[in-house]
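Everything below concerns the one structure shown next.
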Amino acid sequence: MEVPLVAYLHSCPNCGGPITSDRLASGLPCRECLPDGAKAGSIKQVITALRKRKALQGLAWVEAYLRGYEEFAEFFKRIVGFEMWGAQRLWARRFVRGKSFAIVAPTGSGKTTFILIATLYSAKQGKRALLIFPTSALAHQAYKKLLTFAERGGVSLKALAYHSLLTEREKKEALEALERGDFDVLVTTSAFLPKRFELLSRYKFDFVAADDVDSILRATSKNIDRILRLLGVSDAVLNTALEVINLTKQLRKAEVAGDLKEVERLDQEMAKLRAKLREEVQRLKLGVFVASGALAKARRTVRLLLFREILGFDVGGRAEGLRNVVDLYVEASDNVIEQTLALVKRLGPGGIIYVQDRELGEAIVERAREAGLAVEHFFRPRRGVLESFERGELAALVGLASSRSALVRGIDLPHVIRYVIFVGVPKFKFRVRLEEFSIPAYLTFLYNVRSVLAGDARYKADRLIGQLKRLAPYALSVQEALKKASEGAELSSFDRHAVDVVKSAVEFVNSLLQNEEIRKAIETSSEVKLAYIDGEMYVLVPDVTTYIQGSGRTSRLYAGGLSKGLSVVIVDDPKVFHALKRELSLRFDEAEFKHLGEADLDKILADVDRDRKTIRDIMEGRLVPAARGVDLMRTILMVVESPTKARTIANFFGRPSLIISEGIPIYEVSTGDAVLMVTASLGHIYELPTSLNKIDQRQREVLAKWFGDFKHGNYDGENYAVIVKEYGFVPVYNKIWRCRGAVYVDDIDIPPGCKPLDVLEAIRNIAVEVDTVLLGTDPDSEGEKIAFDLYLGLRPYVQDIRRVEFHEVTRRAILNALANPRGVNFSLVKAQIVRRVEDRWIGFGLSKILQANFKNPNLSAGRVQTPVLGWIVNTYEESLKNRVYNVELQLNDVDIRLQVPRDVLDVLRKKKRVAIKLVARERRQVNPPPPYTTDELLRDAVNKLGLSADYAMRLAQDLFESGLITYHRTDSTRVSTAGIAIAREYIVRKFGEGVFKPRSWGEAEEGAHEAIRPTRPIDVEELRGLVNAGVIQLAIQLTKSHYQLYDIIFRRFMASQMEPSVVEVAKYNVEIDGHVIQLERTVGVAYMGFQTLYQLTPVEPELPTGTLDVVIKRYRVVRRVLSQADVLALMRQRGIGRPSTYAHILQVLAKRYYVYVTGRTKLMIPTKRGREIFRFLKEAFGKLVSEDRTRLIEQYMDAIEVGKARYEEVIAELYDEFRKEVLPHLAS
C-alpha cells in the first residue's frame, strides 16, 4: 500500500474512526467508509458516495446543511438576479443552520437585501418573521422592497407594516391584522416594540432581524428582553440569564473594589447559575435573531450580555481602529474664520467643521452665509439639515469637537463626507475641581505628565491611572456616585470606592500643580499645557479620541475596502498639537501629519472622490459583485495557537463580535474587503499516545485491519505509536483531549463522566461556513505541524485552506500575511515528525530502561537532554579536582577580585601584600552586541533579571502574542528594514541623528526569521504609561517581569542600532610572591554611544600602583558550576537543541531532579541521581547520546527542513539505530 505520512485516531469526519493523512488531504473519509479508489472533488460528492453505500453517519448534518444552503442560494438568485457574495454566503450558511448571529459588515455589503430574502424564505416555509428598523423611512423602504421581492419570487406573503409614515387608517388596519394574527411578516420600528409589546408577545417569531442594534438600545435597553421573548425565550430563562449578568456586574465591581472574599463567593455562584442556564436554553427551540450594525461605545449596556448568555453571540462595536485618512495641518492665521472658509472653498462639498465652542461655530456659519457658502450648524441633531447635506445642498456642517457631539459619533454618511476641518486642536480644558472631574481628561493628563515625575509621584500617578482606567466603563455610575456623595446619600461599596478614587485623583493633580518644581517641568514639557484664564489655571491636553472619531467620519468601511478621507487641523496651540501627533502615532502605525502646503490636494481629493463614487454605486445598486469580477467580501477563518494572539489580532480591526462554538471563542471583525474570524487551536491538537494499548479498542482494531500486525521483528509498534512495515513508517497520532483543565493523549485516561473538549470539532463547526481558512500558527516547524494537522482536519469541510506566516503580531504584519498566503511547508512538517518519532524511540526507550534499572517510574532520558546533563556533571566534578578561590581584596579605597590557587591564597593570607604595575592604557572602540537571539535573551533573563529560563520563555511568548516583540524563538540576528525604521524613530527622538547607526546584522542568513526586537519605538516607561492610560490595550495584564523582559529586549535592540562606544582601558599586572595575574579594567568612557542605553562595560576606578598592603575582605572556594545561562550558551555554540527547546531541556533536568537550581543566577548543581543517571547512560549508550551524534541528528533535522535530506532515509537510519542500540536492552 501507499505509505501515508501519518495516521490520526478519532478523526474520520464521517465515522469518527482512524484515518490516514492521504485520505484527509483528498477530502475523503476513511477507507472503512469509502473504499480505496473512491474519487471526490467536494464534500457534496463525498456525501453522495456515502449515501449510495448507506454509510452516511457523522456527515449527515452537513448534507442537511448543504441542501438548505443550496435551496436558499437558488431562492436568493431567483429573486435578486445574481448570486450571493462573500458575507451574504456566510450569513446564509448560519441562517439555514438555525444560528443567531451579529452581522459584521460595512456599507454596501448587502445586509438589508439578505435580511429581506431570509424573511421571505422563512415565510415560504410557513414561519413568522419580525423586521425592526431604526426609522420609519427605512421601515417603509424595506416593506416596499420586500413586496417587490415577494412578487419576483412568487411568494404568497401576508406582510404588515407599522410606522409613522402610514395614514391613521393604514395604522388601524395593520393593528387589526396583527390582533387577528393574520400576517407572516411584520415590518416596524424600534419604537413599536415597547408601545405594542403586549400585542406582539402573543406570537412566537421564527425569525427576527434588527437592522440597527444601536437604535434598539436608544429606544430602551429593555427591547433586548422583548426581542428574546418574541424568539421564544421563557421568563424563567430570561430571569436566570439576568441573574448571571447581574452576578457578572457584581463580580467586576467587587474586583475593582478589591473585595477578594466577595469575588470568590460570586465566582462560585455564577458558575452554578451558568450551568443551570445552559440546560434551560437547550430545552427551548428558539427562533433565529440577526443583529445588524455596530454598537456605539456608550450603548454597551450589560443587557447586551443576554445575547451571549442565551443565543451564543455578542455584538461588536464600530471599527474605529481602522482609518485611511490623510492627516494634514496648517498654522492658525490671525483670522481663523476666513481661513476656515477658504479651506471649504478649496476642498468643496462634503465637509465637517469641528469647533471648540458654539460661539465660534455660529460665527463661522454667519460669515459663510455672508460669503454665499451653504454651511449650517449641527450642534444638535437636525433632520432637515442632515438631509440637505446628504443631497449636496450644503457644503459643510459645523459641530462641536467633542466625543459627545452629534457630528463626531452620530453621523455615518460614507458616500457624502469627504473631509473634516478641526478649527483648533481638539483638546480637554479643565480646572482641577471635583465638579469638573472627567475620567478621560484626567487619564490623558496623568499619562502625559508621568514622564516628568519620579519616584513616589510616578508610582501614585500609575496607581491612579490604573484605578481610573478600571472605572472608565462605569463612567455614568461614577458621576451618579459623586452626585450621591455631594447630597449625603447612602453609598454602596462601589460608590465609595469610586468617590475615593476620584477625590484622590483631584487631590493628587492639585498637589502636582502646586509643586513649583513639578509645575515648571510640566510647563516645559512637550505634552501638557497650563493656561491662565481670568487668573485661574487650566490644564490643556489633547483629546485624541475626538480626533480619531471625528476624522474617522471621512474613512468608513464599505464592501470593497476602507474609503479614503482627508483631515485638516488648524493648529492654534503647537504644544497640544505635538502631544496629539505623538499619541496618534502610538495608536496607529501609519499615522503621520503633513503640512498642508506640502500636500498634493488635487490627487488626494481625486482618490477621495473615487471611493465616494464606488460607495454610491454600490448603495444604489449600480455596482453588483459580478461587475468587478472579484468577491469583495470574502469570509475568512484564521486559526492561531493561543486565545491571547486571537484577541490581539481581532482587536486590530475594531471591537469584535463574539461567537461561542462548543466552548471555543471566535472573534469576528470586518477588514473592509473581508469578514475575518479569529480563533485559537490552544496549541497542538494531536500528539502520539503513550501506547496504542491505551486507545479505544475499535480504533485499534481498524488500524490492525489496515496495517496488519503492529510488530516488526522484535519491535512492537503498539508500544511506541509508530507502525513499522517493510514499505515504511506510520506514526499514529491521537487527538489531544481537554477536560476540566487537564490534557489527555490516551483514551483510557479521560475521567468517567467527563465530555472532553474537542477543539478540532469546534473549529470545523465554524470552518464549514466560511470561504477560506488561513492557518496563522507560529513561524517554525512546531507551528507548521499544527498548521498541517489543522489543514488535514478541516480539508473535508473546506476547499480553500492556506498558511499565513507573520513574525510579529502587529496590524501591518497581519494585513501583509492576509495578502500573501502560501501552502503548508511539508519539509518543516516532516522535520517535526522526525523529531517527535526520534524522541519517542530514543527518549521513550531510554526512559523505560532507566525506570527499570533504577526502579523509578519518574525518570526520563533524551538525545539532547543527556549531553546537556553531561556538561553539568563533568564541569562540577572537574571543579572538585582543581580547586581555586575567589578573593576580594581592598587596597586603599579600591576593591579588586582575583581568582587564585590554594598556594597563592596561603601566601596572600600570610603577607597581605601585592605589587601592582600599570602595563598599558589605551582607548578602545566597543561595538554594540547584535539584537537578541533566543539563547542570548534567556541568558540575560537569567543573569540580569534572575528569572528561570522556562519562565522567561513564557513571558516572551506573552510579549509576542500581545504584539510587543517579534517572534521569540529564533537563532537569527537579522534586522529588517521595518526594524531599522523603528530604531531610527526612537533613537533620533531621544538622542539625535548623530547617535543612530543602522545595522542589518545577519546579512548572510537565509529565510525570513529576524532577531528579537520591539515592534514599536516605545521604551518600557512609555509602554507602562500607555498601557495604564489605555492607549495601548492588550489581551493580557502585564506583570513586573513582563516589563523587565521587554526592557532588556528594547535596550539591546536599540543599542544594536547606535554608534559604538569609546572607552578607556587600563591593563595591570598584579604580582603575589612571583605569581602574576593580568587584569583589565574599563576606567573611563570617552564617548557613550550605545552604552547610553545598554551598559556593556561598567566603569571601575583605577588601581593604585606599587607595592601595597591589602585587606582580605573575603574568599571562598570556586566550585565551577554551570548556570542556566552557561548551559544555554553551550547549547547554541555546540549545536545542541533548538530555540524552541532550550528552556524546556533545562526545565526537564530540574523536574526530574537530575540537577537543582539555586541562586539568582540559577546555578545548576548535579544531584547524586543526576550523576548516576549520566554515568549509566554514558557507559551503556555512550555513542547514542554522545554530543557528536546528537549534533549530527540536529543537522539531519535542519537538512530535512530546507529540503536537503529525505525524510524517509533519516527516519530509517534512526529506526536502525534504535533497533540495534536500544531495543535489545528493552527486550532483556
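Cβ coordinates are placed from backbone N, Cα and C, and glycine is handled just like the others.
Taking the Cβ of Tyr967 (active site, O-(5'-phospho-DNA)-tyrosine intermediate) as reference, residues of its chain lying under 8 Å away and at least six apart in sequence are, in sequence order, Asp778, Pro779, Asp780, His807, Glu808, Phe960, His1009, Glu1010, Ile1012. Residues or ranges marked as active site, O-(5'-phospho-DNA)-tyrosine intermediate by Swiss-Prot: Tyr967.
Summarising the annotation, Swiss-Prot assigns Zn(2+) binding site to Cys12, Cys15, Cys30, Cys33 and lists sequence analysis as the type of evidence. Taken residue by residue with DSSP, Cys30 (Zn(2+) binding site) is part of neither helix nor strand, so it is coil. Cβ neighbour count for Cys30 (Zn(2+) binding site) (all protein chains, 10 Å cutoff from its Cβ): 23.
Look at Gln88 (ATP binding site): DSSP puts it in a helix. Over all protein chains present, the Cβ of Gln88 (ATP binding site) has 25 other Cβ atoms lying within 10 Å. The ATP binding site annotation in Swiss-Prot covers Gln88, Ala105, Pro106, Thr107, Gly108, Ser109, Gly110, Lys111, Thr112.
Within 10 Å of the C-beta atom of Asp778 (Mg(2+) binding site) sit 25 other C-beta atoms, taking all shown protein chains into account. If you look up Swiss-Prot, you'll see Glu641, Asp778 marked as Mg(2+) binding site, on the strength of sequence analysis.
Sequence annotations record features per position, and here Swiss-Prot assigns domain 'Helicase ATP-binding' to 92-255.
Residues or ranges marked as domain 'Toprim' by Swiss-Prot on the basis of sequence analysis: 635-809.
According to Swiss-Prot, the domain 'Topo IA-type catalytic' annotation covers 825-1223, on the basis of sequence analysis.
Over the region 'Topoisomerase I' (631-1228) the predicted model carries a mean pLDDT of 91. Under the heading region 'Topoisomerase I', Swiss-Prot lists 631-1228, citing sequence analysis as support.
Residues or ranges marked as motif 'DEAD box' by Swiss-Prot on the basis of sequence analysis: 211-214.
Annotation comment: Swiss-Prot describes 1-41 as zinc finger. Non-local neighbours of the zinc finger (1-41) in the same chain are 49-50, 53, 55-59, 686, 689, 695-696, 698-699, 702-703, 706, 723, 725, 727-735, 760, 764, 789, 791-793, 795-797, 799, 829-830, 833; each lies 6+ residues outside the stretch with a CB under 8 Å from one of its CB atoms.
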Rounded Cα separation (Å) that holds between Cys33 (Zn(2+) binding site) and Gly110 (ATP binding site): 40
Reduced DSSP assignment, Thr112 (ATP binding site): helix
Number of helical, extended and coil residues in the zinc finger (1-41), per DSSP: 5 helix, 4 strand, 32 coil
Cys12, Cys15 as binding-site residues, winner by CB count within 10 A: Cys12
Neighbour count (Cβ, 10 Å) for Gly110 (ATP binding site): 24
Cys15 (Zn(2+) binding site) versus Gly110 (ATP binding site) - Cα distance in angstrom: 38
Inter-residue Cα distance where the pair is Thr112 (ATP binding site) and Glu641 (Mg(2+) binding site), in Å: 35
Helix, strand or coil at Tyr967 (active site, O-(5'-phospho-DNA)-tyrosine intermediate) [DSSP, three-state]: coil
Packing count at Glu641 (Mg(2+) binding site) (other Cβ atoms within 10 Å of its Cβ): 22
C-beta crowding around Cys33 (Zn(2+) binding site), within 10 angstroms: 24
Asp778 (Mg(2+) binding site) in three-state DSSP notation: coil
